[in-house]
Structures are given as structure tokens and as C-alpha cells.
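Structure, as C-alpha cells:
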Amino acid sequence: MTQRAGAAMLPSALLLLCVPGCLTVSGPSTVMGAVGESLSVQCRYEEKYKTFNKYWCRQPCLPIWHEMVETGGSEGVVRSDQVIITDHPGDLTFTVTLENLTADDAGKYRCGIATILQEDGLSGFLPDPFFQVQVLVSSASSTENSVKTPASPTRPSQCQGSLPSSTCFLLLPLLKVPLLLSILGAILWVNRPWRTPWTES
């Protein structure tokens, strides 16, 4: 086999290594939560990875960034800041919970299994079994976004409460003046002197 033929077969060989790893861990491709709330991602794996460490990290998931949260040994539950990983070997799943979400938590994450090569410090030679999750964070919960019915405006001419307001005090004299004038006019009209018509002699 020539050197050129070997170089041409190298990408195919790497693809064969990657495809099995990409299919051994599964879960949702997209999850959504609201700011201040929590969301959970359930990751399912094959039985052969039952005793392996499980991890959660943000893409591109570089170890030097120290943003990876990983179970270790017999620990079934690991917590780091707002991330909790709970392994359930009985049903071959592990759950990742993100608490107190912020807008900055939105992005792409990796839900994966730590291989032996990675545990031995040989990270990067073989791809870990994992799948990618898109985390979406909404600005507010649906309850906060609900439309509130505006209060009915009060009429300025109405007097509410047991004690009249200052507005009512101002309106009452204005209403009494025309009423008094009407009554006074009626009294004067009734009591006016009647003229006796002149009789012709």
C-alpha cells in the first residue's frame, strides 16, 4: 500500500471510529427553559458504558477550560455550581439538571461518556461517545408574560368611599347654585302681583 493510499483511507477509518461512538449515547437535540427556572436533560447510553464516568460540558468542550462536570467512581450524583448529574445505571440513563437558568446559559452542550483513554490522560485520540444538545433559554416564564387586564378607570364625577373627596366638595356647590336659582325663580313667578284688567265703562 502506497503512502498516498494510506492517507486516503485515514479519514474513512476515523469515520468508522466516530460513528459507533456517536450512536451509543442518545437524547433530545433541543431543550428549553426560562430564566430563573430549571431544566433537565436525560441521556441514554449502552450497557457497556454502565460503569464509565458520565459528563456534561459546553461546546467545544475543551478540558483546559475546566467547564466539564463529570461523575467519578461510585458517585451517582455530582453537583457543580448550577449543574447536577445523576447517574441511573439501573435504566442506563443519566440526568443533567441546570438550575437557576440565565440568558448566558443558552448554547450547545455535550452529553457524553468518558472513555478509558480519556481517563488515562490520552484525551483526543479517540472520540468519546456523546451527543449534542441545544439549550434555549427564554427571557421570562409564561406566567410572567400573561396579559393582565387593566383596571377600569374611575369616573371623576363619582364619589367613592364613606367620606366625600375634595372633588365632590367642589362639585356640590356648583350643582346647588342652579337648583336654588330655579326654586327662587319659581317662587317669584307664583307670588308675582296679578293685574286686574280694566273694565270698560
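Glycine is treated like the rest: Cβ placed from N, Cα and C.
Listed in Swiss-Prot as the disulfide partner of CYS43, from the options CYS18, CYS22, CYS111, is CYS111. Per-residue pLDDT, averaged over the topological domain 'Extracellular' (25-168), rounds to 79.
Annotation for CYS111 (disulfide bond): spatial neighbours VAL25, GLY27, VAL41, CYS43, TRP56, VAL96, PHE130, PHE131, GLN132, VAL133, criterion Cβ-Cβ under 8 Å with sequence separation of six or more.
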